[in-house]
Amino acid sequence: MKVMVIQGPNLNMLGIREQHIYGPMKLEDIHKQMKNFADANGLDIEFFQSNLEGEIVDKIQESLGDADGIIINAGAYTHTSIAIRDAIAAVQLPTIEVHLSNVYRREEFRQKSMIAPVCAGVITGFGPFSYHLAMVAMHQIFQEIEALKAQQPQQA
């Protein structure tokens, strides 16, 4: 099964920007850790990062038929983008929202997610480990989907 990892605006600046909030780890290093988990658990994984809302919407839509689940950190678009929310709802893939920082310890405007209501779950505040937790959760979702498929009567 395949996981599509979508990273939103400014996540390409991890390791440089606001290290007191996001930590020193670069996005490439987070992706390496996620790839290691995927390889160890028989999952395929693809990474995408964009600072542009429309490109993120396009990638979510392209995931339909190409991926089995999405892990997304929409960055600031989390709090503003109805378009990203609608794209997630449209593809109907299990989606996990991820944030490095605990958004509930930050500014009030960061405490409202437009996309959380259409996601399977939200993981926030564990730094880079948030992505590992998302991979564990997605792997569990995939196992549950496979178990349900195995229980379905075979079509003749």
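Quick reminder: no glycine exception, Cβ is built from N, Cα and C everywhere.
It should be emphasised that the depicted structure is a prediction, and the values quoted were computed from it without experimental measurement.
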Review point. Considering the substrate binding residues HIS79, ASP86, LEU100, SER101, ARG110 given in Swiss-Prot, which of ASN51, ASN73 is annotated for that site as well?
Key: ASN73
Check your understanding: Around TYR22 (active site, proton acceptor), which residues of its chain at least 6 apart sit with Cβ under 8 Å of its Cβ?
Key -> LEU14, LEU100, SER101, GLY127
